[in-house]
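Visitor: Not my notes, these are from Swiss-Prot:
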- 1-17: signal peptide (SIGNAL)
- ASN156: N-linked glycosylation site (CARBOHYD)
- 172-246: region 'Disordered' (REGION)
- 172-212: compositional bias 'Basic and acidic residues' (COMPBIAS)
- 213-231: compositional bias 'Acidic residues' (COMPBIAS)
- 277-595: domain 'Peptidase S8' (DOMAIN)
- ASN291: N-linked glycosylation site (CARBOHYD)
- ASN299: N-linked glycosylation site (CARBOHYD)
- ASN336: N-linked glycosylation site (CARBOHYD)
- 604-737: domain 'P/Homo B' (DOMAIN)
- ASN606: N-linked glycosylation site (CARBOHYD)
- 733-848: region 'Disordered' (REGION)
- 734-830: compositional bias 'Basic and acidic residues' (COMPBIAS)
- ASN886: N-linked glycosylation site (CARBOHYD)
- 914-976: region 'Disordered' (REGION)
- 915-928: compositional bias 'Basic and acidic residues' (COMPBIAS)
- 940-976: compositional bias 'Basic and acidic residues' (COMPBIAS)
Amino acid sequence: MLRKFILGLLLASQAVAQLPHKERDYDSRVYVALSLRDGLDPREFEASVSGLDHGQWTFEHPVGTIPNTYVFSAPKEYAPIENIRDQDRLEVAGGVLAKRELRKREKLQKKYGMSEEDVEKRLVALERLDYDWSERGLGSLEVLSERRIHKRAPVNWTEEEMEYLKEIKRRAEEAQKAQDDKGDKKEDQKDDKKEGQEAQKEGDKEDNKGDDKEDGEEDDDDDEDEDDDDASPAMPVQWKPVDESMYGGMPDDSLYDVYRKYYPDEVGIKDPSLWKQWYLHNVHKAGHDLNVTGLWLRNVTGWGVVTAVVDDGLDMNAEDIKANYFAEGSWDFNFNKSDPKPSSHDDYHGTRCAGEIAAVRNNVCGVGVAYDSKVAGIRILSKEIAEDIEALAINYEMDKNDIYSCSWGPPDNGQTMARPGKVVKDAMVNAITNGRQGKGNVFVFASGNGGSRGDNCNFDGYTNSIYSITVGALDFNDGHPYYSEACSANMVVTYSSGSEHYIVGTDINAIDDKSAAPRCQNQHGGTSAAAPLAAGVFALALSVRPDLTWRDMQYLALYSAVEINSNDDGWQDTASGQRFHHQFGYGKLDASKIVELAEGWNLVNNQTSFHSEVKTVSQKVKYNEPLKSVITVTRDDLDKVNFKRAEHITAVLNLEASYRGHVRVLLKGPRGVVSELAALRRDDRSKDGYDNWAFMSVAHWADEGEGDWELTVENTGEQDQVELVNWQLNVFGEQKDKREENKEGESKPEDENKEGEKEGEKKPEDENKEEGNKEDDKGDQKEDKPEDKPEDKPEDTPEDKPEDKPEDAPEDKPSDEKKPEEKPEEKPVDNSDSSSDSSDSHTSWWPDLSSKKSAWLYGAVLLVGGFIAVIGIYACVTRRNRVRRNRSKDAPSASSFEFDLIPHDDSDDDFVYPEDTHRRSGDNDRLYDPFAEVEDDDDMFRISDEGEDAHDVEPELNRVSMEADKRDNDRQNLLG
């Protein structure tokens, strides 16, 4: 026990050592996040730049586990970049730093009141810093500043919107009053008629009493029929246990007993708020829920999975959270302490979200979707926070935290267009590459609550990322809530507030009164509530298949989604076989379906990507005259990067506009699927246009990628000036498997489902001819695939990493051991069969040379040996060239960084070289950054070409090597 305690302290101290421990003085110092050349010690860099005329820079600390990324600071009065902190982020060096600033000359003068002389001084200082620091190993530079990150809370209505709503309400009241007046008039007529009938009855009563009675009854029936003809047809009424009091408090025993009649008895859960949790099991409207109770009956409850709720804190002492709280994965980054407990009554958001995921089954409030999973709290929303601290937060304990649930982002005001800083991007890349022991963390982001403002989640750099699963909201009636944002990045939707129903469950305890009873809440909502429900569903899937990668989870979410409101015109057929809608993504999450699909899922192949040349357009977009531009992708382009099928598409745009909200951008793929990349936003009056903005879409999933990709830009403002400067197409997808890679163009779709055809083995048909009726027919054994998976789903491959590493290979069939109901792994069975078949004969390690059956083995061995020899020679040559390139001191080379963004520069992707556009596949040791930016091809204020990455073309390699040799000679002369 003591050893475990000491080990825990050591691990905790190591984690804490990566956190900043002192308050920053932003008033007197400038703080920057630097990425340095691979292997360069930050102390060495600090010493090398201290003697330069750029201020006294001090190394502060590394940024978590992000490779080669560090925080430095300097006094503001000596730092040439002091006033960048209050302006647009500066994210690049290596020859393009000053160029970006030069493009902002007019903006700097007008927006920030800088004189022309001050701008010139700034540019000169930046030019010198850019050249000097890049020469000493700087890869990128980002000036850090504190900012507020916004919860996905309901958006307040504007005065204009309130007036509009009042007008709608007034008209509705007038219509209701008119209907009531009509009803009153009809009632008066009915009363008069009845009075006359009664008088007539009374006069004839003695003569025809019996007949009068019958006549009176018939007249009454006629009156009722007349009323029915005028009345509106009755609408079906849904059964509800209660009305106004439905969300007013805890139910009494009688109501609870009534509800129990409609709830599965086998579940056996008695948490008092369970009857309100309609999204877990809806007795009001069958099927309008997560379909999760059947999984609970199978004991699929999230055991072994940890979800980190990145939010405004977590009340770990709440009765519904305490037993499932995971302290090791928790930290308060706002106040730099291990306890993320809220300190304000306003910080309830994270606790409510955590309860949706993992509220304990304990007769308190309700239960979470995955009520046996663990939940951690990472606090970042309670006050302003710098970008590097945010990066630390989303990387915190990424080997222990599996899922990060994020219900926050830029303001949902229909005006903001914001993306995370470079250091945050790098943290996300680090998490999906190295988190969960290399399988990648799963990021779940709420789409946003700005729907009523016309906001769109493609203008949010978090939801617009290929690394995120973007989740929108669905209301009680399976409708689209007014607040939930639509966009082409929406993957799925799930339930939240709407139609007078809410998400209920856990709440924070009283802040000041520790003796208070546990508190439950009845009105959680927005996309803030949808994302945690999705995270809980993903926790269930990971509990049955912990080997799933971050990309596998996206596949599972897509292929298990249930289409809703199928008659809506917004649905489009896609290559995936699933239909897509910008409001609903691929449909609503179904917990049972995603778990069932996960249990038989074969891991996808590694990621690859194709990146087109930057297409320069430089054309004005006239009012109501759409501008079209086409980029054509050929089969040869895709074969070069070992491309099989598409997953995410990004289009990186540079566009100028006098009224950004009046611009609409569409992307039409080869199969005719249309992604609305940029929607109209009435409140977005910005004149900044799009500055290297990467719009992302999941609507083209499973597309082959080959063909014309047509971009359409529309200008809907009659007086507006719009110009499309340039754009670039990026297609991310799955690699072909090994067999297809070696026999390119020969494999048929059906061959992809056969695991027996490994490299060097015989074809199944030849093997069957020779084996005859033997029991060990490997091809037949391995053909079984889940029926609900896409028809071209690949076979098991090494676990997904953006980079290929030899150690990944043995983990290519982890799913078998997780499924006791299935057969054991085929290979051991085959070995036992073959040994039993040959028990009567002489057993030898070597096959009989005279046997035709084994002759192919020797040929295969020779081929493999030759292949290894060729690879070895190639590796030696490549290593020698890489070493020569790494000697360049003007900027880090392509081989210097673990994560190469676009190989035309080190980090910010501002320059794109036309001759280096057919980018690399996942086989290479680089990962493309989907936040990538492109730059027009002008050369103003360009400092040095050596600051860019080495190209793949031979002439460029020779040039870089010669220049590196020359610099080394110059350096020796200076030192001598």
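Each Cβ is built from the backbone N, Cα and C atoms, and glycine gets one as well.
The structure displayed is predicted, hence computed values, not measured ones.
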Visitor: Fill in the CA-CA distance, ASN291 (N-linked glycosylation site) to ASN299 (N-linked glycosylation site), as an integer in Å.
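Guide: The separation of the Cα atoms works out to 14 Å.
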Visitor: I need the CA-to-CA distance for ASN336 (N-linked glycosylation site) versus ASN606 (N-linked glycosylation site), whole Å please.
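Guide: So the Cα of ASN606 (N-linked glycosylation site) lies 37 Å away from that of ASN336 (N-linked glycosylation site).
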Visitor: Select the most exposed residue of ASN291, ASN299, ASN336, ASN606, where exposure means the fewest other Cβ atoms within 10 Å, treating these as the glycosylation sites.
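Guide: Among the glycosylation sites ASN291, ASN299, ASN336, ASN606, the sparsest Cβ neighbourhood within 10 Å belongs to ASN299.
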Visitor: Can you tell me whether DSSP puts ASN299 (N-linked glycosylation site) in helix, strand or coil?
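Guide: Once the DSSP labels are grouped into three classes, ASN299 (N-linked glycosylation site) ends up as coil.
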Visitor: Tell me the residue counts in helix, strand and coil for the domain 'P/Homo B' (604-737), as DSSP assigns them.
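Guide: Split into helix, strand and coil, the domain 'P/Homo B' (604-737) gives 9 helix, 78 strand, 47 coil.
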Visitor: In whole Å, how far is ASN299 (N-linked glycosylation site) from ASN606 (N-linked glycosylation site) when you measure between their Cα atoms?
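Guide: About 32 Å separates the two Cα atoms.
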Visitor: According to DSSP, does ASN291 (N-linked glycosylation site) fall in a helix, a strand, or coil?
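Guide: For ASN291 (N-linked glycosylation site) - judged by DSSP and reduced to three states - the answer is coil.
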Visitor: Give, as a single whole number between 0 and 100, the mean pLDDT over the domain 'P/Homo B' (604-737).
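Guide: Computed over the domain 'P/Homo B' (604-737), the mean pLDDT is 97 on the 0 to 100 scale.
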